[in-house]
Number of protein chains: 2
Amino acid sequence: MENKKKPLILVTNDDGITAKGIRTLISIARELGDVVVVAPDSPQSAMGHAITINDTLYVKEFLQHDYDHKEYTTSGTPVDCVKMASHEILDRKPDLCISGINHGSNSAINVIYSGTMSAAMEAGIEGIPAIGFSLCDYDHDADFSQSRDYVKQIIEQVLEKGMARGVIFNVNIPKATKEEIKGVKICRQANAYWVEEFDKRTNPYGKDYYWLTGKFVNDDKGEDTDEWALDNNYISIVPTQYDLTAHHYIGELNTWDFGK
Amino acid sequence: MENKKKPLILVTNDDGITAKGIRTLISIARELGDVVVVAPDSPQSAMGHAITINDTLYVKEFLQHDYDHKEYTTSGTPVDCVKMASHEILDRKPDLCISGINHGSNSAINVIYSGTMSAAMEAGIEGIPAIGFSLCDYDHDADFSQSRDYVKQIIEQVLEKGMARGVIFNVNIPKATKEEIKGVKICRQANAYWVEEFDKRTNPYGKDYYWLTGKFVNDDKGEDTDEWALDNNYISIVPTQYDLTAHHYIGELNTWDFGK
């Protein structure tokens with residue numbers, strides 16, 4: 001980077017501040033700029049774009065001894081963390097927000113349930129270039145080192161080139177060794193989905209309850225999708241937007257009859 | 001409708017099963033088909049697309065004496081309700097899912113935080129035509145009767161014409177009398193946003209905490225937006241999609257350098 005002033009990088013996630021994924025991302029971010037971490041004090045997976053409006057929020061400095069940057073936890077969701085960072089903790093707007101590295105895939109429709117991506121989205125809404133990173137490995141001790149160079153390169157590109165307003169990167173990394181990873185592909189979100197399977201049980205007091213489980217189904221055979229890229233050991237980047245309008249359908253709807 | 005078999009309509013919301021908005025929506029749905037209600041047992045506003053994966057889910061029949069259809073509550077989020085309905089409670093796929101009527105706006109960027117819309121989105125993902133309805137009035141005793149005819153007409157149009165795969169309606173209703181409401185407009189999502197203001201307080205034990213509050217800012221002056229429609233006493237319909245890909249940005253990104 002030609003810019004002499006170091007960029008301010010906000011790091012967050014949804015697995016909580018002690019997760020291995022965020023520790024990896026912090027160590028990469030520290031090579032590229034001034035780092036502030038604001039992350040949930042406990043795991044917040046599958047929180048989607050939830051925000052805390054019916055409860056109070058607490059913020060605490062998180063003491064860590066390996067580094068010299070500041071870290072904070074909040075009692076809220078990933079989106080709350082970004083809001084708290086922007087409006088209470090930081091004294092200037094960050095140049096970049098990175099979220100993750102998530103323990104588990106956020107490809108295809110998973111983007112919509114993902115706390116990792118919602119945090120990045122929230123930063124995007126606030127005009128901060130933002131990237132969500134996820135590794136397709138749910139293990140809490142997953143090996144994040146294999147894709148380290150790519151993650152760094154993606155962040156560097158965004159710091160150098162900026163990001164179009166309204167766009168956020170959804171980056172997914174295959175579970176593969178450094179040698180197996182073939183490179184980066186720009187993709188569209190695959191049209192894949194979950195088929196739910198509720199695991200019904202009875203508690204010791206005779207009351208039925210359920211665990212949500214499911215099977216991921218991909219009927220989308222396109223070779224331009226994130227699922228295809230990941231299946232073929234590419235890192236996928238889907239440029240993702242929060243304008244949810246189905247612009248292509250507006251013309252059709254204007255022919256419908258909604259009364260006067 | 002020419003179809004002789006009555007359509008099966010799943011009704012849900014995020015304000016909880018006793019909210020006035022869902023009671024209105026149920027009474028309209030009953031005029032148009034067979035109704036099953038599956039809604040949260042307590043308010044779940046601003047839950048976004050959260051799902052319950054780290055906790056158990058309970059389902060209970062909700063006894064009500066005015067009607068002869070079935071109603072259920074779940075201990076989960078709006079999205080959980082739709083999943084439970086489709087996969088555990090209903091014995092066939094509903095012909096339509098309607099969510100709301102929300103007490104408060106889900107226009108512009110609010111769509112992304114909205115439990116009401118996430119429930120509708122979840123139905124859409126499962127291939128069920130779906131509509132989220134919201135009234136721009138946060139009062140728990142808001143007057144939902146003013147727009148009753150329009151809500152019914154919108155549901156009838158969807159039942160008659162079907163819905164393109166991947167599209168969900170986000171319907172917002174202005175706070176206005178029947179006479180003041182000018183009609184329905186098909187819109188795009190306005191590029192408006194919230195500026196957060198955290199209300200910082202100290203608890204009786206000396207610890208600081210925050211309430212999230214904010215100010216809604218609309219810099220988007222387009223007359224094709226949902227905000228414009230609502231400001232001018234139109235009911236807005238934004239066709240909304242869960243393919244979040246910023247397709248227009250893929251070409252540009254292919255010129256970037258992400259390593260090999």
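Just so you know, glycine gets a Cβ as well, placed from its N, Cα and C.
All annotation found in TrEMBL is predicted automatically rather than curated by experts.
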Candidate from B:SER42, B:SER45, B:SER75 that TrEMBL assigns to the same divalent metal cation site as B:ASP14, B:ASP15, B:ASN102: B:SER45
Near-A candidates in B:ASP14, B:SER45, B:ASN102, the binding-site residues, by Cβ under 8 Å: B:SER45
Model confidence over the domain 'Survival protein SurE-like phosphatase/nucleotidase' (B:9-195) (mean pLDDT, whole number): 93
Residue among the binding-site residues B:ASP14, B:ASP15 whose Cβ has the most other Cβ atoms within 10 Å: B:ASP14
B:SER45 (divalent metal cation binding site) CB neighbourhood, other CB atoms within 10 A: 22
Those residues of the chain, 6+ apart, with a Cβ under 8 Å from that of B:ASN102 (divalent metal cation binding site): B:ASN13, B:ASP14, B:ASP15, B:GLY21, B:SER114, B:THR116, B:GLY132, B:PHE133, B:SER134, B:LEU135
